Structures are given as C-alpha cells and as structure tokens.
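Undergrad: Below you will find the structure I want to go over with you.
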Amino acid sequence: MSEAKNGPEYASFFAVMGASAATVFSARGAAYGTAKSGTGIAAMSVMRPEMIMKSIIPVVMAGIIAIYGLVVAVLIANSLNDGISLYRSFLQLGAGLSVGLSGLAAGFAIGIVGDAGVRGTAQQPRLFVGMILILIFAEVLGLYGLIVMSTTEAQRILRPEVLQPGLEPRRLTSEQN
C-alpha cells in the first residue's frame with residue numbers, strides 16, 4: 001500500500017463515506033418526514049380541504065433536513081484532495097455521520113409530529129401554534145448535527161497543524177494582534 005503525501009491512499013474513502021452518510025441519512029429522514037406528514041395531510045383534507053396549504057409546513061420543514069445533508073456533503077467533497085490525512089478524513093466521516101444521523105432523527109420526529117399535528121389541527125384549529133412549536137424543536141435536532149460538523153470544520157481552519165502533520169503551529173506576534 002503506497003502512502004500519499006500526508007496519509008495513506010485509502011484515507012479519502014472515509015471522507016467520501018462521511019459525505020455519503022450526510023446525504024443518505026438526512027435524505028432518508030426527510031423522505032420519512034415528508035411521507036408521514038403527507039399521509040396526515042391527505043387524511044385531514046377530506047374533513048377540511050381549506051386547511052391544506054396551512055398544513056404543508058411539516059412537509060417543508062422535513063425537506064429542509066435534506067438540504068443540511070447536501071450542504072455538508074458539498075463541503076466535504078470540496079475539501080477532498082490527494083494528500084488528505086487519515087485524521088482529517090475521520091473527522092469528515094464523523095461530521096457526515098453526525099449531520100446524517102441527526103437529520104434522520106429530525107425527519108422521523110417531524111413526520112410523526114406533522115402527521116398527528118395536522119390531523120389534530122383539523123379537529124381543533126387552536127392546536128396549530130403548538131404543532132409549529134413542536135416542529136421547530138424537532139427541526140433543531142438536525143441543526144445540532146450541523147453545529148457539530150461546523151466545529152470540526154472550524155478545527156480544520158483554526159488549527160491546521162493538528163490535521164496536517166509537519167506543520168508548525170503559528171504564533172501571533174504583538175504586531176498581528
């Protein structure tokens with residue numbers, strides 16, 4: 001097995017798997033949230049067809065989860081190069097998994113809340129605000145994964161010597177402050 005500039009040639013595999021995990025898991029969560037909320041909308045529209053447009057909100061919020069995964073996959077893919085270190089590729093795998101799995105959890109939560117909330121709102125319109133608040137809390141689960149990913153990217157930007165062996169840490173002089 002030949003070694004690349006900073007890591008083994010198979011190191012980029014883990015980064016690509018991170019990008020794939022971010023996309024696949026978050027899209028799976030978004031698909032479940034959309035399908036589950038959609039069944040609630042279909043059942044509700046029989047009783048209250050005038051509330052269909054108001055009830056689309058859970059579907060939109062579920063779709064946003066997939067965008068988180070797509071953004072992370074693009075960020076990971078853009079940072080790939082031939083000399084990626086094994087440490088950095090594992091960081092990207094972890095970042096992709098954190099976004100993907102939190103997106104999966106958020107999609108499931110949005111789907112269940114959206115289905116029950118839309119059906120409940122059809123019977124009692126005062127439940128709408130409560131449903132929206134619960135949907136927001138479910139959406140935040142996906143944001144938590146995005147925050148974890150951004151901290152790993154900040155590590156790459158702020159401390160490159162950790163990710164690339166051989167780089168010396170830079171010290172700020174009084175003139176740079």
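From the backbone N, Cα and C atoms, a Cβ is placed for every residue, glycine too.
TrEMBL does not curate its annotations; it predicts them automatically.
Since we're looking at a predicted model, the values are computed, not measured.
Below are the features I grabbed from TrEMBL:
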type     : residues : note
TRANSMEM : 12-35    : transmembrane segment
DOMAIN   : 17-76    : domain 'V-ATPase proteolipid subunit C-like'
TRANSMEM : 56-77    : transmembrane segment
TRANSMEM : 89-114   : transmembrane segment
DOMAIN   : 93-149   : domain 'V-ATPase proteolipid subunit C-like'
TRANSMEM : 126-147  : transmembrane segment
Undergrad: Are there residues at least six beyond either end of the transmembrane segment (56-77) with Cβ under 8 Å to its Cβ atoms? List them, or say none.
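TA: Distant Cβ neighbours of the transmembrane segment (56-77) are 15-16, 18-20, 22-27, 29-34, 37-38, 40-41, 92, 95-96, 99-100, 103, 106-107, 110-111, 113-115, 117-118, 131-132, 135, 138-139, 142-143, 145-146, 149, 153.
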Undergrad: Taking all residues of the domain 'V-ATPase proteolipid subunit C-like' (93-149) together, what is their mean pLDDT?
TA: 95
Undergrad: Could you put numbers on the helix, strand and coil content of the domain 'V-ATPase proteolipid subunit C-like' (93-149), residue by residue per DSSP?
TA: 56 helix, 0 strand, 1 coil
